[in-house]
Amino acid sequence: MGSTGTGKSTFINLVSGSKLGVGLGLESKTEVVQPTKPFRTGQERVIMVDTPGFDDTTKSESEVLSTISRYLADLHRKRIRIRGIVYMHRITDNRMGGTALRNFRMFHAICGSSAMENAVIVLNMWDEAKQAVYEKREKELRDVFFQAALADGAHFARHDGSRSSAEGILKALVARPSVDLRIQVEMVDARLALHATEAGLALLGDLAGREIKHNDELCHIRRELVEARRRKDTADEDDLEAAEKRLEDLRRQLAEEQEKLRRSVADRPAEGIDPVNERGYEIYI
């Protein structure tokens with residue numbers, strides 16, 4: 001899991017020999033949950049699963065959560081347990097932006113604190129030539145942004161893009177016992193609707209917060225628009241009307257997202273997925 005463009009598909013292809021689609025730049029390529037074909041790591045037969053980020057360019061956040069949760073619920077119903085979870089983060093990013101923070105909050109809400117010992121946060125694109133800069137950045141991530149997950153038992157791993165680096169990360173996960181993710185227990189065992197799960201509530205809260213922010217901005221723009229019309233400043237009026245329309249569209253989209261999430265039905269089979277039904281495989285995300 002991880003934000004769009006952090007190297008999830010590339011990492012999976014590298015270690016599994018798969019040919020999953022890789023996006024260019026900020027364009028998302030992973031639109032659905034994509035499992036690899038089974039491959040071997042040591043004595044273990046492994047399947048890795050690629051997931052879209054919550055900043056996907058083709059799906060809304062509620063659609064991404066619904067897609068991922070349905071797949072995970074399918075696995076849980078079939079008693080196929082997860083051995084490890086990989087979260088990708090670019091060490092090249094010089095700041096932790098809002099998008100990255102939202103993606104990680106959703107990752108933690110989906111997995112739950114009790115699954116963090118099976119999670120590895122991969123600092124991707126590590127370059128030894130920039131070690132001093134990256135180590136300083138790593139410390140900040142460890143002490144601030146990922147502190148709660150690490151306190152729950154999550155691990156850090158540096159990845160330099162090599163196959164040996166990726167294999168080392170995967171082998172460490174293979175050694176761990178299987179785990180149930182929080183959202184699997186909530187949706188299958190507790191029979192909660194998606195919007196009532198920890199991840200669903202987190203997303204609803206985030207969407208509502210952004211809607212309130214846009215409402216405040218819209219009120220400010222409308223006050224300025226009244227003043228521009230009073231002054232008969234047509235240039236300002238045109239700019240403000242364009243800004244008003246943009247904010248109205250954003251506010252409407254956020255309201256629709258919340259309603260869509262509340263109505264979501266996540267217990268139907270995952271779209272376009274042939275769930276694994278053979279025993280002996282472990283799933284890695």
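Glycine is no exception: its Cβ is also placed from the backbone N, Cα and C atoms.
Annotation comment: TrEMBL describes 1-65 as domain 'G'. Residues annotated as coiled coil in TrEMBL: 233-267.
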TODO: Using DSSP, break the domain 'G' (1-65) down into helix, strand and coil residues and give each count.
DONE: 14 helix, 13 strand, 38 coil
Open item on the list: Restricting to the coiled coil (233-267), what is the model's mean pLDDT?
Closed with: 87
